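*Asks:* Provided herewith is a single structure, encoded as C-alpha cells, for subsequent inquiry.
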Amino acid sequence: MGAATKLAFAVFLISCSSGAILGRSETQECIYYNANWEKDKTNRSGIEPCYGDKDKRRHCFATWKNISGSIEIVKQGCWLDDINCYDRNDCIEKKDSPEVFFCCCEGNMCNERFFYFPEMEVTQPTSNPVTPKPPLFNTLLYSLVPIMGIAVIVLFSFWMYRHHKLAYPPVLVPTQDPGPPPPSPLMGLKPLQLLEIKARGRFGCVWKAQLLNEYVAVKIFPIQDKQSWQNEYEIYSLPGMKHDNILQFIGAEKRGTSIDVDLWLITAFHEKGSLTDFLKANVVSWNELCHIAQTMARGLAYLHEDIPGLKDGHKPAISHRDIKSKNVLLKNNLTACIADFGLALKFEAGKSAGDTHGQVGTRRYMAPEVLEGAINFQRDAFLRIDMYAMGLVLWELASRCTASDGPVDEYMLPFEEEIGQHPSLEDMQEVVVHKKKRPVLRECWQKHSGMAMLCETIEECWDHDAEARLSAGCVEERIIQMQKLTNIITTEDIVTVVTMVTNVDFPPKESSL
C-alpha cells in the first residue's frame with residue numbers, strides 16, 4: 001500500500017508540473033539597459049519588445065557585477081529560448097559567487113528586479129529514525145532510477161542538440177557556388193580585420209573590413225536581433241541568389257561567447273555606399289539616372305521572380321519588405337544592387353511564408369495598405385508593397401537629375417517636405433492614406449520627354465490601388481524604352497541643327513537602320 005501511495009503522489013507531481021508549463025506567462029517586453037551604450041552606439045536604457053519564432057519561448061535577462069558591495073548593471077534585455085529560464089517568474093542568480101551574475105525569467109518586465117540567492121547544501125536531520133523500506137521497493141528503486149536518469153539525460157542531450165542546430169546552422173559559409181567565382185574557404189580560416197564603421201541601421205552597424213587583400217562589408221547584429229541575422233542568412237543561402245543586382249554574400253559567423261555574442265554577416269563592399277548617400281552628395285545625369293533605375297528594377301524583378309530548374313535548385317519568389325534608397329547600394333560604375341534582407345519573405349509552394357507581421361519596414365516607405373493594416377497576406381500583395389516603395393526611390397532619383405531645365409533641388413527624403421525627417425505612424429497615415437498625397441513631381445520635369453515618362457511610371461508604381469501598380473520587370477522595360485527614345489530624340493535634334501547649318505539633306509533616321 002505504501003508503494004502505491006508513493007506512485008500516485010509522483011503522478012500527481014508530474015501533473016502539477018505539466019499544468020504549470022501550460023500556464024506559463026508570455027514575455028512580450030523587457031527592461032533594457034546597456035552599460036556600454038556609448039561604445040556600442042545604442043540607447044542606454046528603456047523598454048525592449050521581444051521578438052522570436054512563435055514556437056519558441058522568450059525571456060528577460062539581467063547581468064550585473066558586485067564590486068565591493070556596489071551593484072553595477074552590465075546588461076538587461078530580451079533573451080532567446082533557453083530551458084534554464086523556463087517557468088521562472090523572478091530573475092534569480094543561484095550560482096555561488098560568480099564573477100558576473102546572470103539571471104533570466106519569464107513574464108513581462110520580470111527583469112526589472114533581480115536577486116542573488118546562492119543554493120545552500122541542506123543537511124538532513126538524523127534525529128528521527130529511518131523507516132526501513134521493503135526489499136522489493138529497494139530493488140525496484142535501485143533498478144529503475146538509474147535507467148530513468150540515463151533516459152532523461154539522453155532525451156535532454158538530443159533536445160539541446162536539435163535546439164542548438166536550429167538556432168545556429170553548423171556551416172554558415174556556403175561551400176557550393178552555382179558558377180564563378182569558385183567557393184571561398186570557411187571564414188574562420190581567413191583573417192578578418194574591422195577598419196571603420198560606415199553605417200548604422202535598425203538591426204546593427206556596418207563596418208568596412210579587410211579580408212586578406214580585399215575589402216568587405218561586415219554587418220554586425222547584437223544577439224537580440226538574431227532573428228533578423230538568421231533571416232538574412234537564409235535568404236542569401238537560397239538557390240539562385242547570385243545576381244549582379246543583388247549584394248554579393250560572402251559568409252556569416254557568430255563571434256564572442258556567453259552574453260557578449262555578436263552575429264556577423266559578410267558581404268561585398270561598395271565604396272560609393274547607398275543610393276541615399278550618393279544622392280546627398282551628387283546630382284545625376286539622365287543616362288546615370290536610367291542606368292541606376294534600370295539595374296535597381298532588374299534586381300527587384302529577379303528577387304520577385306519564381307525560377308524553377310536552376311543548377312543549384314528552385315529559387316522562390318522573394319518579397320524584400322524594406323525597399324528604400326538606403327538599401328540600394330551602388331557599385332563603382334553606378335550599377336545598383338539590392339541589400340538588407342532582414343525582413344524579406346520567401347514564397348515556396350505548399351509552405352507558409354513565415355513571419356508575416358503586416359506593419360514592418362520603414363514608415364516613410366510604407367504603402368497605404370501597410371499603414372492601414374489592411375494587407376492581403378498573399379505573395380502578389382507583398383510584391384506590390386515593394387513596388388510602392390520603389391516608386392518613392394525613383395522619385396528620389398528624379399529629384400536629383402539634371403535632365404530638366406529647372407533647378408535641381410537639394411536632396412530630400414520622400415515626404416520630408418510634407419512631414420519632416422522623423423514622421424510618426426500617425427503622420428504617415430494622415431498624409432498617405434487619408435489625404436492620398438505623394439511627393440511632388442515638379443512641373444519642369446514634364447518638359448523633358450524622358451523625365452515626363454519617368455513621372456508617369458512613378459505614379460503607376462505608387463498608385464493607391466495596389467493591383468494597379470506596375471511590376472518590377474515592367475519598370476525595367478519602360479526605363480530601357482525611355483532611354484532609347486530620348487537618345488533617338490537627341491540624335492534627331494543634332495541632325496536638324498547640322499542640316500540647317502550646312503544646308504545638306506540627311507536621310508531620315510529610319511532609312512539608315
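Each Cβ is built from the backbone N, Cα and C atoms, and glycine gets one as well.
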*Asks:* In Swiss-Prot, CYS30 is paired in a disulfide bond with which of CYS16, CYS60?
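*Replies:* Answer per Swiss-Prot: CYS60.
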*Asks:* Pick from CYS103, CYS104, CYS110: which cysteine does Swiss-Prot list as forming a disulfide with CYS85?
*Replies:* CYS104
*Asks:* Pick from CYS50, CYS105, CYS110: which one does Swiss-Prot say forms the disulfide with CYS78?
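*Replies:* Between CYS78 and the options CYS50, CYS105, CYS110, Swiss-Prot records the bond with CYS50.
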*Asks:* Among CYS16, CYS110, which cysteine is annotated in Swiss-Prot as forming a disulphide with CYS105?
*Replies:* CYS110
*Asks:* Name the residue from CYS16, CYS91 that Swiss-Prot records as disulfide-bonded to CYS103.
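*Replies:* Within the candidate set CYS16, CYS91, Swiss-Prot assigns the bond with CYS103 to CYS91.
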*Asks:* Among ASN43, ASN333, which is annotated N-linked glycosylation site in Swiss-Prot?
*Replies:* ASN43
*Asks:* Output, ordered by sequence, the same-chain residues six or more apart from CYS105 (disulfide bond) with a CB under 8 Å from its CB, or 'none'.
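*Replies:* For CYS105 (disulfide bond), the qualifying residues are HIS59, CYS60, PHE61, CYS85, ARG88, ASN89, ASP90, CYS91, ILE92, ASN111.
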*Asks:* For the ATP site made of LYS198, ALA199, ARG200, GLY201, ARG202, PHE203, GLY204, CYS205, VAL206, LYS219, how many Å separate the two farthest Cα atoms?
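*Replies:* Spelled out: the longest distance between any two Cα atoms in LYS198, ALA199, ARG200, GLY201, ARG202, PHE203, GLY204, CYS205, VAL206, LYS219 is 14 Å.
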*Asks:* When the Cα-Cα distance from CYS104 (disulfide bond) is computed for each of the recorded positions CYS30, ARG200, ARG202, VAL206, which gives the smallest value?
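*Replies:* Checked the recorded positions CYS30, ARG200, ARG202, VAL206; minimum Cα distance to CYS104 (disulfide bond) goes to CYS30.
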*Asks:* Can you give me the residues near the recorded ATP site, meaning same chain, not LYS198, ALA199, ARG200, GLY201, ARG202, PHE203, GLY204, CYS205, VAL206, LYS219 themselves, Cβ no more than 8 Å from the center of the site's Cβ atoms?
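*Replies:* Result: ILE220.
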*Asks:* In Å, rounded, how far does the Cα of CYS110 (disulfide bond) sit from the Cα of ASP322 (active site, proton acceptor)?
*Replies:* 33
*Asks:* Could you work out which of the recorded positions (CYS50, CYS103, CYS104, VAL206) has its C-beta surrounded by the smallest number of other C-beta atoms within 10 A?
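*Replies:* Minimum Cβ neighbour count within 10 Å, taken over the recorded positions CYS50, CYS103, CYS104, VAL206, occurs at CYS50.
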*Asks:* Can you give me the average pLDDT across the topological domain 'Extracellular' (20-139), rounded to a whole number?
*Replies:* 78
